[in-house]
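Copied from Swiss-Prot, the annotated features are:
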DOMAIN    1-231  domain 'ABC transporter'
BINDING   GLY33, ARG34, SER35, GLY36, ALA37, GLY38, LYS39, THR40  ATP binding site
DOMAIN    292-363  domain 'Mop'
Amino acid sequence: MKGLQVAFKQTLGHVVFDIELQLPSKGVSAIFGRSGAGKTSIINVISGLTQPEQGRIALNSDVLFDSVLGINVPVHQRNIGYVFQDSRLFPHYHVEGNLKYGVKQYDAEMFDKVVTLLALQPLLKRYPASLSGGEKQRVAIGRALLSSPKILLMDEPLASLDMPRKKEVLPFLEKLSESFEIPIVYVTHSLQEILRLADHLTVLDRGQIVASGLLSEVWSSQAMRPWQSFSEQSTLFNANIAEQHPQYALTRVMLSSTASLWVQKIDAPLGSDIRLQVRANDVSITLVQPQKTSIRNIIEAKVERVEKRHPAEDKESIAVKLALTQDCFLWATITPWALADLNLKQGDRVFAQIKGVSVTQRDIALTH
C-alpha cells in the first residue's frame, strides 16, 4: 500500500493513544491539536524514538514496526529526516560542516540543490552562533534533506521563531514538497501554517484522531470549530488564476468551472494553482441580486444547510452553507436577526456577496 500507515496503541502518562492513520505518499500532512494532544508522540513513534506497546508502522512497502511480526527497525536504519523545534546544530562546525554531517554518500548535485532551495550559499562558512533563528532552521532542514530520507518529520519547526523569522522561513517550506517527492509530516498548532503548507490535515485530541483527510474537507468540518475563533471560521478553496484586471489591482480566480471571485492582486502567472481562504464573516447574503453596489463579487447560490452556533455565552451566530455549484460550497456567518428577516430555508436561491478587498495576501497560498 502506498503512503504512510500508522496504527498503534500506547499509554503515555495520562494520555491513551489509539491511532489508525493513513497519510499520502507525498505532499505535506499536518498534524494539528492543542498542547499535550500527542502530536509529537506520533512522529516519535514513526521515527522509532518511541516504541509503542502494539501496532504497525509502514512506509509504502517498508514495514518499520510490527508488534505481531516482531519487526522494529532501528532509528538509524529507518531513513527518516527529523527537524526539531530547535535547530540542534553543532556549534563547532560551520554551516557546510553541519549540512554534510551524517551524510552517508556525498552527492554534489544533491548538495547544490538543497543549498539553492534554502538559499544557504551565503551562510556556508558561518558558524551557528552568528546565525538568526530562521537561518538556523533552514540549515537544520537542509541537513535533514541531505540524508536522502524517505520521509521528513517536522516537529513545530517555526514554534521558537518570532513573526519576522517565521515569514522568512515559510516560503522555503512551501517549496519543499514541490522539490522533493517524499511525504512530509508537519506537526503544528498554527492555523496559518496549515493554510500555507498543508495538503492533508489530521486533528488530534488527547491521543485520539478527531478528523483526518484532505485539508479543504477537514478545515470546514465540525472538528475544527473549537480552534477557530469567530473571525477565523472560513472556507478553503483550491482555485486557479484566470484573469488579471487590466486597470485595477485585482485578480479573478476560478473556484470551480463556473464560479469565480475577484480578490486582491496575486503576483503569479495565469493558470497558477492557489489555495484561497474566504472568511465566513466576510460573506453576506441577499435574496435579490443588487444592481448598483461597491461589492465586486455577487455569486448566485443555493442554501444547503443552516446551523446555529454558540461561540460564547453572550453571542449567537448562524452558519449558512451555500452551494455555488454541485461540489463547490461557501460558508457565511450571519446574525439570528438576519436569518429571521430573510427567512432562509434549505433549497432557497440567494446571492452571496464578498468584497474584493476582503481576501488579502494572507488568505492566499500558491500550491505545489
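Here, residue 1 is simply the first one shown, and the rest follow in order.
Note: Cβ is positioned from N, Cα and C throughout, glycine not excepted.
Shown here: features listed in Swiss-Prot, placed on the structure.
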| residue | record | contacts (Cβ under 8 Å, 6+ apart) |
| --- | --- | --- |
| GLY33 | ATP binding site | LYS39, HIS189, VAL203, LEU204, ASP205, VAL210 |
| ARG34 | ATP binding site | HIS189, ASP205, TRP227 |
| SER35 | ATP binding site | HIS189 |
| GLY36 | ATP binding site | VAL15, ARG206 |
| ALA37 | ATP binding site | LEU204, ASP205, ARG206, GLY207 |
| GLY38 | ATP binding site | LEU12, VAL15, PHE17, LEU204, ARG206, GLY207 |
| THR40 | ATP binding site | ASP155, GLU156, VAL187 |
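Residue density at LYS39 (ATP binding site): 23 other Cβ atoms are found within 10 A of its Cβ, drawing on all protein chains shown. The residues of the domain 'Mop' (292-363), classed with DSSP into helix (H, G, I), strand (E, B) and coil, number 10 helix, 40 strand, 22 coil. Surrounding the centroid of the Cβ atoms of GLY33, ARG34, SER35, GLY36, ALA37, GLY38, LYS39, THR40, where the record places ATP, the chain contributes additional residues within 8 Å, namely SER41, HIS189, LEU204, ASP205. Taken residue by residue with DSSP, THR40 (ATP binding site) is part of a helix. Residues belonging to the domain 'Mop' (292-363) score a mean pLDDT of 90 in the model.
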